[in-house]
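Each remark here refers to the structure printed beneath this line.
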Amino acid sequence: MGSVGLLYVGAVLFVNGLMLLGTVPVRSASVLNLFVGALQCVVPTVMLIQAQGDSSAVLAASGLYLFGFTYLYVGISNLAGFEPEGIGWFSLFVACAALVYSFLSFTVSNDPVFGVIWLAWAALWTLFFLVLGLGRENLSRFTGWAAILLSQPTCTVPAFLILTGNFHTTPAVAAGWAGALLVLLGLAKILAAPKAAVPQPRPVFN
């Protein structure tokens, strides 16, 4: 069930990346944040009800609230005109929690691929903290591109693989996933770099 919510997290991360780049207006992006945030609160609640005390099911559901609260916070704050610092510092909490979930994926859940994915989310939410919490606006373009490029391989792609029964998690697959995500972060840095000014020809006067 969690994979259904993960599918739409890929969509909202993509849109939020475009919002950071100034391509999508803030209020327009807020609507999708509210939809996905609500979904990511309902889905884990249903999972907890169905878990019947199964610790692994409870663990799987608990992390989804991090996304639900993030997107509800973003949607409400943007529509109400709140300052971004609150979201930024909450993002620091999410980043720290993601490190714990990554460790648990490697050690308890025996899921190295999601261990890598949680590390990617930790890095991304750290960027959100720097931009929104500390006002590091010079990182906005890099963060926007990082959100766009990481949204699909960390959310949409694994969601579809799980939904179709084609998700496999081994150390070798996790290593490949990690390499691909690092390449995408490098690409985000390149895309975020300021474009060099094109020299204009000097006018010639007779």
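For all residues, glycine too, the Cβ spot is worked out from N, Cα and C.
What Swiss-Prot records for this protein:
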| type | residues | note |
| --- | --- | --- |
| TRANSMEM | 4-24 | transmembrane segment |
| TRANSMEM | 29-49 | transmembrane segment |
| TRANSMEM | 56-76 | transmembrane segment |
| TRANSMEM | 86-106 | transmembrane segment |
| TRANSMEM | 113-133 | transmembrane segment |
| TRANSMEM | 142-162 | transmembrane segment |
| TRANSMEM | 173-193 | transmembrane segment |
Sequence gap of 6 or more, Cβ distance under 8 Å, 3 or more pairs: do the transmembrane segment (113-133) and the transmembrane segment (173-193) meet that?
yes
Please indicate, using numbers and ranges, the residues of the same chain that are 6 or more beyond the transmembrane segment (142-162) and have a C-beta under 8 Å from a C-beta there.
3-4, 6-7, 9-11, 13-14, 16-21, 113-114, 117, 120-121, 123-124, 127-128, 130-131, 168, 177, 180-181, 184-185, 187-189, 191-192
Short question: which residues 6 or more past the ends of the transmembrane segment (56-76) have a Cβ under 8 Å from it?
2, 5, 9, 12, 16, 29-34, 36-41, 43-45, 47-48, 50, 82, 86-87, 90-91, 94, 97-98, 101, 104, 108-109, 118, 125
